[in-house]
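**Student:** Marked as transit peptide by Swiss-Prot: 1-30. The annotation substrate binding site is assigned in Swiss-Prot to E235, R266, Y404.
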Amino acid sequence: MRGGGLWQLGQSVTRRLAQAEKKVIARRCFASEADLKKTALYDFHVANGGKMVPFAGWSMPIQYKDSIMDSTINCRENGSLFDVAHMCGLSLKGKDCIPFLEKLVVGDIAGLAPGTGTLSVLTNEKGGAIDDTVITKVTDDHIYLVVNAGCREKDLAHIEEHMKAFKAKGGDVSWHIHDERSLLALQGPLAAPVLQHLTKEDLSKFYFGQFTFLDINGFPCYLTRTGYTGEDGFEISVPNEYAVDLAKAMLEKSEGKVRLTGRGARDSLRLEAGLCLYGNDLEQHITPIEAGLTWAVGKRRRAEGGFLGAEVILKQIADGPPQRRVGFISSGPPARGHSEIQNEKGESIGEITSGGFSPCLKKNIAMGYVKSGNHKAGTKVNILVRGKPYEGVVTKMPFVPTKYYKSP
């Protein structure tokens, strides 16, 4: 039985997380409430107690009956099922689809083995991040990628603009936006055992970053071993008409241990895993190098360039960026976005981009950007919350160790 003090703390933190998430969601909502889009699982969420809020023009569950703290911990101990169908999946096809995409992203897509994928970044002419995206090389003439819901319109407009110019020069590439499919994320230590009950494919030989077509519970799916929690897990693309039945099947196979989980816990999980949230930790004026994503710039791409903003990005790789994304452990109230970061002399050196109370670590964590030279682990800082300074220390990320199922 939980002690009263911890329970009260948990309830307080849950309310603060929910309030903060709702503020973020409200800022990103691109439609009035009456015009909100609904995923194929909307009625299923409502029937299961989902608290629906607007996000990027969609009505999405922020949480269910469990608190955000309890949902976060349950994902790490058992598992979570998320509806992420608001995100945009699309396919690029044609013999030139890879050369085309490599003009827009920093990754070495040509170097991927068929059936594997990677996180990459769409960049602009100044090297800033238009969006981060998970890209899968299905075959040499078929690329599947997923972009963020809040960036959908600008991403698609950006891709379409460059595709028209590319095709005008004789390039062979076409695209399809998969609005006919839903996307579910099954995450946590029970993700693989639960999914294995529903497919004949041997998931023990299916590793982090890999992609395949397969039947799950008899439904035709795209399966990627990936996620946004730091846990082992899968993202499953399924035709809309089967989404609810597939969700029910996965929950039933877990015997109640895998639970429906909303955006509140998803944000806590990704923060504990040290992962960027576009619009907070990654934006059009921030380069992949500043964001700590240098690893996403393929070796061949560093040598050849050829992508938007390459001159800026390659110079930062060579000389170092002016600012860097780092993690923090802090005292006092949880730091929130735009909280000022000062050095021990009281000089401003950066700002927080994401922060909150870690349900798993039981302490305040945050990430933000500081001027280079202030980024080493162990550096002491002050973080201003409501104008008052609180002690913090630069900390390596992830805050909670990741558990990706990688190839031996």
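From the backbone N, Cα and C atoms, a Cβ is placed for every residue, glycine too.
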**Student:** Is E235 (substrate binding site) helix, strand or coil when read with DSSP?
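**Tutor:** In three-state terms, E235 (substrate binding site) counts as strand.
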**Student:** Taking the residues the record says bind substrate (E235, R266, Y404), how far apart in Å are the two Cα atoms that sit farthest from each other?
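**Tutor:** For the residues that bind substrate, the greatest Cα distance is 17 Å.
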**Student:** Given the binding-site residues E235, R266, Y404, which one is most crowded in terms of C-beta atoms within 10 angstroms?
**Tutor:** R266
**Student:** Helix, strand or coil: which one is R266 (substrate binding site) in, per DSSP?
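**Tutor:** Going by the DSSP assignment, R266 (substrate binding site) falls within a helical segment, counted as helix.
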